[in-house]
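In what follows, a single structure is set out as structure tokens and then discussed.
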Amino acid sequence: MDITPILEHLNDAQRAAVTAPPGPLRVLAGAGSGKTRVLVQRIAWLLTVEQANPWSILAVTFTNKAAAEMRARIEQLLEFRASGLWIGTFHGIAHRLLRYHWREARLSQHFQILDADDQVRLVRRVLRGLELDEKTWAPKQAVWRINAWKDDGLRAAHIDDRDDPLLRTHVRIYAAYEAACERNGVVDFGELLLRTVELLRDDATLGEHYRARFRHVLVDEFQDTNQVQYAFLKLITGQRGDVFVVGDDDQAIYGWRGARIENIQRFEQDFPGALTLRLEQNYRSTAVILDAANALIAHNRGRLGKRLWTDGSRGEPIDVYAAYNDYDEARFVVERIQRWVEEGGRRAECAVLYRSNAQSRVFEESLIAAALPYRVYGGLRFFERAEIKDALAYLRLLANRDDDASFERVVNTPTRGIGERTLDELRGVARERSVALWQAAERLLAERRLAARAANALAAFLALVERLARDTAERPLSAVTAHVIEHAGLLAHVRKDKDGKGEDRAENLEELVNAARAFETLPEELEGMRPLDAFLAHAALEAGEGQAEAWEDCVQLMSLHSAKGLEFPQVFIAGFEEDLFPHYLSSQDPEKLEEERRLAYVGLTRAQRHLTLSFAERRRLHGQEIYPRPSRFLREIPAELTRDVRARATVSRPLYNPGPLVQAESDTGLQLGGRVRHPSFGEGVVLALEGAGAHARVQVNFKAAGAKWLVAAYAKLEKV
DNA sequence: CGGCCTTAGTTTTTT
DNA sequence: ACTAAGGCCG
């Protein structure tokens, strides 16, 4: 057999990983070191050389995108459909197992998945049920806690709350919430994982079955695994299994959501005989950028250790721009992007990265003013839109009348005269008799305990749902969806919405019908499920793209977190200021500070060719003018790798980097503050210098004409 | 029931 | 400063 394609284009370290003998292996893959290639070729190696059965391979990622990419690349490499292989996200795989084994997992057959938004709503209901004040017991806080416990594999019953009243209440909320989920036949994201772990741990037969089956387990982004995910991996591999984990401790940026960097750090202790390989050759960035990233991350302690290198070019220095304020910062970045585009670059090759999403606004304004199309990542996803969630809630009620979250969502959407009073009544009855809202409604109506108006409205709603169910039985999913949207009155409801978004919303609803069509024939891994259940699970597990028009050539705006895994020729990282980056909520705790530094490391290593960092000397924050200090991270980048760019001569604050200022690298022969003469504008003073070579620009304050930006090469300035 | 006003919070995000 | 969400009133 010809195995050349599998070993082609691999460096020594990559080849060692791909061809390693079965057994626990940890691959420390630096940014841009070809980790996806290694994962893909490893799978190909297992399938061909090791003659592994596709059936025996399980590859786990964190995002749907990563899973899809891996599958596509395997199919491309091996030229066949990668069927039989299990490739998916932790949640997708857990979901699949729970659908197969819903009985053993003690779930209802048509259990539904709660997304983050549904979860908060449900917790809010639970709080009311416990008669806890929402002011004191913020639902979001409680959700945060519950999720953190689930991430750690803890049930309410496991938590020791002896001496802490606050904790005790949260545990009570957790227990009540667990019960509510149970009654409603819903599971949240954390539950998918926790339930699966319990299933594999407590059901010896099933555990043994899957351990025997998945002889080869591969994990991407291993540094981001939380405790439950780690427990899942241990359960599925056993002690001596073939586990191939790829990750980078220096890119662990999700500690705040339960990820345990220790998982990658102590891999060798948990999997005896484990080997470690390092991928340190980088194929993405210039040497300057890598040197900067290496120097920065060297300030962290307890690293597994790794040093990126390249045999590519050294590259240009990193520009550091000290902006006068946040608007000036945006102006500068946008001008640079414009110049890049004028020189033939694509807008989509430019990324503006920031620590917090609020920073995007100023950039958006500047980009609009400059008529540059852009795309902001991380907005509302398709399946998270209110009108879509309303439609899905109807569908969920069709699938499962006990789904209280959905019931509450649409019982009065569109408004049909069912108010808070009626609902309170319903909730009370549901609680007393431990039944779902749907049954509570039926009983209240049967017992005639409601005022006539409310009773009519409620009866109309129940009848509507029953009618929808009857009229759509046996029809294809897209027809069901279209029917529900139309006859529940959602389309009309959305159209009369007056903020001008009505038509957009109607279009989204139509798009939902198209999305449903894709589930009329189920992919093999979902075989046996009802199309409706599969569609609803998909909506929860894969919320869709944030923002449309991915294909248009536009400037990319995103948080540093969302930039992980991506690369761009031109990267701008804005807001290198103390309290913003590192964020003030993280700068006190050394562990959190290190995570911030890793975030900076992730940011720097996104850049392929050119990197520009900026900070503002003033910034508007929460309506207040603040005077931030440059970020400590700037000081951790060796000065010889950077080049200060200053737009103004009036910078008054101390430099971020002590020592001699490398003045705005200029081959124009001009000096800040120097006097010059222009053929038509006359005499003036140099205010600013920017860029170099053919693109060097200079700002001059002319006595007569005022301040002007000139391209040095054309301006014919002479020194006075 | 819906519109308006007050009030509180304001890091990062996937599933 | 801005926004989102809850409370209150018509």
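Each residue, glycine too, has its Cβ placed from N, Cα and C.
Going by TrEMBL, these are the annotated features:
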DOMAIN    A:8-286  domain 'UvrD-like helicase ATP-binding'
BINDING   A:Ala29, A:Gly30, A:Ala31, A:Gly32, A:Ser33, A:Gly34, A:Lys35, A:Thr36  ATP binding site
DOMAIN    A:287-565  domain 'UvrD-like helicase C-terminal'
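Sequence features, as recorded in TrEMBL, placed on the structure.
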residue : record           : Cβ contacts under 8 Å, 6 or more apart
A:Ala29 : ATP binding site : A:Lys35, A:Val38, A:Val246, A:Gly247, A:Asp248, A:Leu279
A:Gly30 : ATP binding site : A:Asp248, A:Asp250, A:Arg278, A:Leu279, A:Glu280, A:Asn282, A:Lys306, A:Leu308, A:Thr605
A:Ala31 : ATP binding site : A:Asp248, A:Asp250, A:Gln251, A:Asn282, A:Arg284, A:Ser285, A:Ala293, A:Leu308, A:Tyr601, A:Val602, A:Thr605, A:Arg606
A:Gly32 : ATP binding site : A:Asn282, A:Tyr283, A:Arg284, A:Ser285, A:Leu308, A:Glu567, A:Thr605
A:Ser33 : ATP binding site : A:Leu279, A:Glu280, A:Gln281, A:Asn282, A:Tyr283, A:Leu308
A:Gly34 : ATP binding site : A:Leu10, A:Asn11, A:Gln14, A:Leu279, A:Tyr283
A:Thr36 : ATP binding site : A:Ala66, A:Glu69, A:Met70, A:Arg73, A:Asp220
Reduced DSSP state (H/G/I helix, E/B strand, rest coil) at A:Lys35 (ATP binding site) is helix
Model confidence for the domain 'UvrD-like helicase ATP-binding' (A:8-286), as mean pLDDT, reads 90
